[in-house]
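Per Swiss-Prot, the features are:
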- Gly98, Ser99, Val100, Ala101, Val102, Gly103, Lys104, Ser105: ATP binding site (BINDING)
Amino acid sequence: MDQRLDPGLSPYRTFTRAEWAQLREDTPMTLGAEEILRLQGLNDRLSIREVEEIYLPLSRLLSMYVGATQKLFRAMSQFLDHRNNAEGKMPYIIGVAGSVAVGKSTTARVLQALLARWPHTPKVDLVTTDGFLLPNAVLQREGLMEKKGFPESYDLSLLLRFLTDIKAGRRPVKAPLYSHFFYDVLPDQMVEVDRPDILIVEGLNVLQTGRPPRDGKAIPFVSDFFDFSVYIDADEDVLEHWYVQRFMRLRETAFKDPLSYFHRYSKLTEEEARETALSIWHRINLTNLRENILPTRQRANLILRKAGDHEVAEVQLRKL
């Protein structure tokens with residue numbers, strides 16, 4: 001029997017960049033050139049054209065999704081006689097997933113900026129799952145420092161409790177803060193999330209699930225709390241190149257600070273630094289991508305596929 005999948009059976013509809021750009025229609029551009037520059041991540045590229053052709057159509061799509069979800073929630077509240085939520089509001093949660101160095105943070109920040117300009121969703125918060133990593137002291141004790149960013153390196157129960165409280169409409173809900181400068185969770189430092197209209201959750205493994213239990217008991221996954229999810233995709237060799245580029249730039253900037261966790265790398269020669277970056281990529285990040293991140297790609301509602309120039313070349317939207 002031929003096991004090849006008929007393209008017509010794919011759960012996704014694929015758009016070229018030009019086809020996707022046409023879906024913007026009359027969605028207004030609400031970001032200026034200076035703001036776009038501020039939203040751009042280190043070693044990422046974000047242009048006005050990218051916002052117009054990729055993110056404005058996505059903004060329009062999400063506007064429809066959020067509106068439909070809010071309408072359904074109001075109908076359910078009436079059906080249940082408003083017993084579930086006294087204020088008639090439930091945050092819409094968007095997950096953003098993808099590899100290290102793919103540009104997740106830039107995408108999340110652009111979406112936050114665009115969605116916050118909708119008249120019906122003025123409050124949009126952004127939380128990264130980095131804050132839910134186990135502290136370095138715990139990772140070292142458990143022998144997991146080489147697995148940082150892998151599923152087992154997160155305080156999953158804390159993350160699930162955070163998302164449960166958000167969906168339940170509790171206020172305010174606190175999330176731990178992470179410092180890339182110190183490469184650790186910041187003790188006793190939290191960010192408050194106070195009943196946003198939309199919450200964007202960005203992280204490596206946010207779409208991951210596990211094996212269902214044999215006893216049939218319900219086990220929640222992070223993605224169970226998402227109303228919509230985006231996966232940022234790129235080829236492995238492209239991701240490797242971007243990661244090394246970013247490492248080399250950090251070597252000349254943040255790593256030079258004596259207080260930086262990675263200060264030792266600033267003293268390497270250029271060749272030594274490049275070899276170190278490649279070693280970290282292959283030993284940790286590529287392994288995590290292949291074993292844990294990439295297998296979750298097909299669980300996303302939308303896949304943004306990037307080319308080597310950091311621009312989105314193709315969009316895949318899950319069929320309803």
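Keep in mind that glycine also has a Cβ here, set from the backbone N, Cα and C atoms.
Keep in mind it's a predicted model, so treat the numbers as computed, not measured.
Projection of Swiss-Prot feature records onto the structure.
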residue: Gly98; record: ATP binding site; CB count, 10 Å: 29
residue: Ser99; record: ATP binding site; CB count, 10 Å: 25
residue: Val100; record: ATP binding site; CB count, 10 Å: 19
residue: Ala101; record: ATP binding site; CB count, 10 Å: 24
residue: Val102; record: ATP binding site; CB count, 10 Å: 25
residue: Gly103; record: ATP binding site; CB count, 10 Å: 25
residue: Lys104; record: ATP binding site; CB count, 10 Å: 23
residue: Ser105; record: ATP binding site; CB count, 10 Å: 19
Taking the mean position of the Cβ atoms of Gly98, Ser99, Val100, Ala101, Val102, Gly103, Lys104, Ser105 as the ATP site, which residues outside that list, in the same chain, have a Cβ no more than 8 Å away, listed in sequence order?
-> Ile232, Leu239
